[in-house]
Amino acid sequence: MADELVLLFVGSGLSEQKAKETLKNEVVSQSLKSSLDQVGKLSPGLQKDKDIGKLLYHTATKLKARKFQSIIVDYHNPLDPVDYGKFEGECGVGVVITPDMVEAAVEEVIAKHRNGLTTQRYKYNIGLIMSEARAKLKWADGKAVKSEVDMQVLDLLGPKTAADLEKPTKQKGGKGPKDVENAKKKDAIKEAPSVENFLGKDGEVMSFMELMGEAVKFHKPGENYKTSGYVITPKTMDILKQHLKETGGKANNGNCYLRYDDTNPEKEEEKFFTGIKDMVEWLGYKPWKITHASDNFDKLYGYAVELIRRGHAYVCHMRSEDIKGFNPPDSPWKDRPIEESLQLFEDMKNGKIQEGDATLRMKTTLEEGKKDPVAYRIKCIYPTYDFTHCLCDSIENISHSLCTKEFQSRRSSYYWLCNVLDLYCPVQWEYGRLNLSYTVVSKRKIGKLITDGCVRDWDDPRLFTLTALRRRGFPPEAINLFCAKVGVTMAQTVLDPSMLEACVRDVLNIKAPRCMAVLDPLKVTISNFPGDHSGEITVPDFPADEARGSHKIPFTKTVYIERSDFRENADKNYKRFSCDQPVGLRHAGYVIAVESVKKDGSGNVTEILATCKPSSDCEKPKGFIQWVCNPLVCEVRLYDKLFYHKNPEDSNEVPGGFLNDVKRDSLQVIPNAYVDQSVKNAKSLDRFQFERIGFFTVDKDTTPGKVVFNRTVTLKEDKDKN
């Protein structure tokens, strides 16, 4: 029967691993099977429709009122008669929104707001335009509408100017008409944070909360009871008053703890503790206090004893392997006398019971149907997460306990445990994990990649650990910006890494100074190099804003260009250097033309002899290329995706397992790239834009004798580049 259900679930679109995990939960698996059977009666083919399968899985796992499950599956409604036409109309069934419809609707709204846009330009309330466009097309894809709005606004106003990027100054004398109008538009869609406003004063890292602003709405201090699902007891209000007294009413902008749930003595490693602290602070957070679950072990043991005394826990002799991973039957020891459980629990503490022979289990049932979760095991008698987390939150007077979506099934035990002990009960807030494609994130699997030599260590830049992203050169501002743009959601989200890379480009475009480099150098000798030239030129660090500084680089008769920037014979669309087409040297003020070409015995070009003219004395060339002179020889590392497939852990997508999906050529090392002299004093994690190539970051492997660069991200693709 189990094998049949696995096949049924896999056929509906679940991975084999997810199907087996689902089978462990009897309530969810039966709910999903019921839905699939129901769909199969309508049309057997629908059972294998993966989109429908995802919806049914979501219904089976998320729907609390299961009596309405059949309504979602086949529109069965307990209130007869049902107006199916009206029901489908309200749901948007059969509605088709074409790109032309989106374009026309946005054009109409843009026309209405044209005067405001042309007057206020990019400071105009784009959210209002989005809101009105969405109202015209109720069932349109929000991303498609946003894209069309952005495109039409850009077409109307052109690119942002320096004035557009300036922050608006506050007006004295109260609110103006526009402020009043905007205040009334409470339902207008708020735009995602943009690259122009994600930096704080003096370029400081803005926190995620600062970026999100009002998008993250928590309950107010002491109003825990107003949140969905919170359990209220006769003592709740008195306990909350005491909580407010002890915390002074702090919540948002209050004190943030960093706590290590060190409850498993076999798995805790010091490097992970220090690494977590390092990464949290790198992202811009300074914990108010760092604590450990083990700090409270004496209190936790006392709470466990009290739990037994109150009849809410008992010592069970089912072995750990018998209860792990599935829902066990009711334990025959559930009704054992309280005094007996108290004595056995003390024996557990004193080592009088062999490891694995007993556990302390709580008399409660989780949302997922799991009965009597374990509170303590015998390995130096240590508590489990289910027992420890909520009690440590209570001890520390936490107001908002944030966790990922998979802990939603523990919320009931979280509230239950605090309440049966008459302790202050915080609120658990669950959010969807932000996952990326083309990667694995579990410690075990990353460890396997390291052991098998697929990557070098936890900070290998091909991984998506925070330490790896930092080493590759991703700035913390970009990660905060990315998370803010994605937003806080309850849904499990899997995004393409390109979305994160786009945020990295946005940040580095502002923060990374420019320099010139060639990865595959080709020598060019300028035969008529002007004798009166100083041999040095000044290059702006940020060409779009020269006031931000500059650096000097040598310029003599011998320069090196990128080999791919030269062709002997070029077609009409080619815009770079060729025998019959001059090219400009960026920042130099000169245009060079081919005089002759030298080749080796295999016909490969080894050197170009060229002449030069000042840019002012000749026609503007079709293109300008980067170059270096008297360069610094550096090592450059280029990174590609580590895996071929989006979901390397999915056995349907990668039958041989994730290790067989590794790209063995995902790292390309260029040992002798040429970079201009401005980077010679760069230190680890300094970031630069190599003009026309990409963004690069100094790696920690750099030595006094050689700088090592990691390519952080490429530049945006230019469709017109030839």
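Quick reminder: no glycine exception, Cβ is built from N, Cα and C everywhere.
Automated prediction, rather than curation, is the source of TrEMBL annotations.
In TrEMBL, the region 'Disordered' annotation falls on 162-183 of the listed ranges 162-183, 316-337, 602-623. Proximity of the domain 'Glutamyl/glutaminyl-tRNA synthetase class Ib catalytic' (250-509) to the domain 'tRNA synthetases class I (E and Q) anti-codon binding' (624-699) is established through 3 or more Cβ-Cβ distances under 8 Å for residue pairs spaced 6 or more apart. In terms of DSSP helix, strand and coil, the domain 'tRNA synthetases class I (E and Q) anti-codon binding' (624-699) has 7 helix, 32 strand, 37 coil. Taken together, the residues in the domain 'Glutaminyl-tRNA synthetase class Ib non-specific RNA-binding' (77-142) have a mean pLDDT of 79 on the 0 to 100 scale. Look at the domain 'Glutaminyl-tRNA synthetase class Ib non-specific RNA-binding' (77-142): DSSP puts its residues at 44 helix, 0 strand, 22 coil.
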